[in-house]
Amino acid sequence: MATSNGSSTGTKITALVVDDDRVINAIHCKLLNKLGIENHVAANGKEAVDLHCSGKKFDLILMDRDMPIMNGIEATRELRAMGVRSIIVGVSTRSIKQEIQEFMDSGLDDYQEKPLTSSKVISILRKIDFVD
């Protein structure tokens with residue numbers, strides 16, 4: 001089971017999956033569940049911001065780039081402006097360096113191409129020191 005700070009006795013990691021694609025949400029949530037990560041879903045950036053405004057906190061946010069209402073770039077900027085210190089990982093099908101860099105510049109900690117796999121999630125967790 002994945003726990004905060006790599007400790008097997010620590011608190012369970014919580015993740016927010018932000019994506020307007022229900023299939024991707026289902027894939028990413030199933031993947032996180034298999035790794036023992038508690039997860040929640042937001043269908044767009046505004047829902048993610050609203051969740052944080054209501055007091056919810058997450059260790060990890062998997063943020064899509066292209067969504068209706070509020071995209072991932074706008075949402076990431078807003079969350080960072082609110083002081084959210086969660087690890088935010090951009091997850092998108094975009095592969096053009098300039099588009100990836102624009103997303104990174106919004107305040108991301110990492111970027112991964114869709115769809116996520118177990119090895120990609122474990123790599124993210126290792127980078128942020130949540131697993132050994």
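Glycine is treated like the rest: Cβ placed from N, Cα and C.
Sequence annotations record features per position, and here TrEMBL assigns domain 'Response regulatory' to 14-129.
The Cβ of D64 (4-aspartylphosphate) has V18, D19, D20, D21, I24, G72, G90, V91, S92, K114 as same-chain neighbours under 8 Å, each 6 or more residues away in sequence. Marked as 4-aspartylphosphate by TrEMBL: D64.
Across the domain 'Response regulatory' (14-129), DSSP classifies residues as 51 helix, 25 strand, 40 coil.
If you take every residue in the domain 'Response regulatory' (14-129) and average the pLDDT, you get 93.
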